[in-house]
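Dropping the structure in here first, questions after.
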Amino acid sequence: MGKNVVVLGTQWGDEGKGKVVDLLTERAKYVVRYQGGHNAGHTLVINGEKTVLHLIPSGILRENVVSIIANGVVLSPEALMKEMGELEARGIPVRERMLISEACPLILAYHVAMDVAREKARGAKAIGTTGRGIGPAYEDKVARRALRVGDLFNKDTFATKLKEVVDYYNFQLVHYYQADTVDYQMVLDDILAVAYVLTGMVVDVSELLDSARKRGDLMMFEGAQGTLLDIDHGTYPYVTSSNTTAGGVATGSGLGPRYVDYVLGIVKAYSTRVGAGPFPTELFDDTGEFLCVKGNEFGATTGRRRRTGWLDAVAVRRAVQINSLSGFCLTKLDVLDGLQEVKICTAYRLPDGRVVESTPLAAENWEGIEPIYESMPGWSESTFGVKAFDKLPEAARRYIKRIEEVTGVPVDIVSTGPDRSETMILRDPFDA
């Protein structure tokens, strides 16, 4: 019997999860998003055609796969309808392939207004959120005032609850942030206009997944963002508002934790980060510019330029520890082609001179950290599109082996280009 697989990022997001999920869904029956919202940006390239998904699971392009948005996701009806419209215009029957948990909190206009107002008020100390209302929506969930998909089944009760929440937000927007208010009637009209679409896809996700498990159907859980952006384990406060780590699968989907069999960590061959926050290996020189341009390091969601740097094995080891990683998928190896030298950060030197091999938690404790590098020869030959490990340049193979050695985790998949075909699977996660 095959295994249930989690795919998640080991760094600060943007590792290339979407492509890997799309590739592996060939064997999965269910693909589940279990955290985050439309702040994610998963780019798929299939036969040269590019698709960017923000909220809908990457399995949606597969005919025989059921895509699920589970309870751990905060759902923007506006973003969902836009994404569905784009896919349906291409002939993809989204409503036949996708299901939604009734427990998903909704992201509405007042969440976006609050997100934008807060970031503006922070000024130079801004977190660097996407401004899409993710954080405020998770706040409402924890404060037990969230409006959820299931609330749409009773429109009168929904309208009453919405009025209370809009009043609460408008008071803050006006009196604390000196920002414009949100129009209650407009918010209500907008959500009720699409309520039938959302309620038409509602299912008890936990029940569905448990039944699927008993039948032996294969499941894949698609993480968004990356481990180092986890609300608990990331570089706080420069983090996202959800649990991006493997522990979020059980709470965010309702599948029992014993039924997760294999955790695949996606690790980019170098490091990137969007927005503010610690980044010890960040490069400000020509190499950093080379990685940004060649790697096309611009956010799929925001279009923002990503910061770039050498691979940080210390940070990746933290991801190994937190997620109990079974194996790695190494992505964007081809971006390193042509560099005379490649480096891996294997330890940090603290301001007091001590050398440590683990990451701090709070962002302020990262200040003054100096990366300690191992240097390795680069390679001039192209790795782009290579589909056999022994066909890679020797120096590239040594680089991969060194990553395995310093992290203690095998590289089971290597990606050498954006297309799903430009991948070598050394060990299939479903059979590992």
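Every residue, even glycine, has its Cβ placed from backbone N, Cα and C.
From a predicted model like this one, the values you see are computed outputs, not experimental measurements.
The feature GTP binding site is assigned by Swiss-Prot to 13-19, 41-43, Arg306, 332-334, 415-417, with sequence analysis given as support. Residues or ranges marked as Mg(2+) binding site by Swiss-Prot on the basis of sequence analysis: Asp14, Gly41. Swiss-Prot lists Asp14, Glu15, Gly16, Lys17, Asn39, Ala40, Gly41, His42, Thr130, Arg144, Gln225, Thr240, Arg304 with the feature IMP binding site, giving sequence analysis as the kind of evidence. As annotated by Swiss-Prot, active site, proton acceptor applies to Asp14, with the evidence given as sequence analysis. Marked as active site, proton donor by Swiss-Prot on the basis of sequence analysis: His42. Summarising the annotation, Swiss-Prot assigns substrate binding site to Ala300, Thr301, Thr302, Gly303, Arg304, Arg305, Arg306 and lists sequence analysis as the type of evidence.
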Least buried of the recorded positions His42, Arg305, Arg306, going by other Cβ atoms within 10 Å?
Arg305
I'd like the number of other C-beta atoms within 10 A of the C-beta of Lys19 (GTP binding site), please.
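Taking all protein chains shown, Lys19 (GTP binding site) has 25 Cβ neighbours within 10 Å.
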Consider the binding-site residues Arg305, Leu333, Thr416 and say which one has the Cα lying nearest the Cα of Asn39 (IMP binding site).
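Nearest candidate: Arg305.
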Anything within 10 Å of Lys19 (GTP binding site)? Look among the recorded positions Gly41, His42, Thr130, Gly303, Arg304, Arg306, comparing CA atoms, and list what you find.
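Among Gly41, His42, Thr130, Gly303, Arg304, Arg306, the ones whose Cα sits within 10 Å of that of Lys19 (GTP binding site) are His42.
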Counting distance between Cα atoms, which of the binding-site residues Gly41, Thr43, Leu333 is nearest Arg306 (substrate binding site)?
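Minimum Cα distance from Arg306 (substrate binding site) across Gly41, Thr43, Leu333 lands on Gly41.
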Counting other Cβ atoms within 10 Å of each residue's Cβ, which of the binding-site residues Gly13, Gly16 comes out lowest?
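Relative to the other binding-site residues in Gly13, Gly16, Gly16 has the fewest Cβ atoms within 10 Å.
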Starting from the Cβ of Gly303 (substrate binding site), draw a 10 Å sphere and report how many other Cβ atoms land inside it.
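Its Cβ shell of radius 10 Å holds 8 other Cβ atoms.
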Could you state the CA-to-CA distance between Gly16 (GTP binding site) and Arg305 (substrate binding site) to the nearest Å?
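About 16 Å separate the Cα atoms of these two residues.
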If I take the alpha carbons of Gly41 (Mg(2+) binding site) and Thr416 (GTP binding site), what is the distance between them in whole Å?
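Per the Cα atoms, Gly41 (Mg(2+) binding site) and Thr416 (GTP binding site) stand 20 Å apart.
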Sorry to bug you, but what's the C-alpha spacing from Thr416 (GTP binding site) to Gly303 (substrate binding site), rounded to the closest Å?
23
Taking Asp14, Glu15, Gly16, Lys17, Asn39, Ala40, Gly41, His42, Thr130, Arg144, Gln225, Thr240, Arg304 as the record's IMP-binding set, what's the max Cα pairwise distance in Å, rounded to a whole number?
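Max span of the IMP binding residues, Cα based, is 34 Å.
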Fill in the CA-CA distance, His42 (active site, proton donor) to Thr416 (GTP binding site), as an integer in Å.
17
Mind checking which of Asn39, Thr130, Gln225 has the fewest other CB atoms within 10 A of its CB? They're the binding-site residues.
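Among the binding-site residues Asn39, Thr130, Gln225, the lowest count of other Cβ atoms within 10 Å belongs to Thr130.
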What three-state secondary structure does DSSP assign to the residue listed as 'active site, proton donor'?
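Assignment for the residue listed as 'active site, proton donor' reads strand.
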Which of these binding-site residues is closest to Thr416 (GTP binding site) if you go by CA atoms: Asp14, Thr130, Gln225, Arg304, Arg305?
Asp14
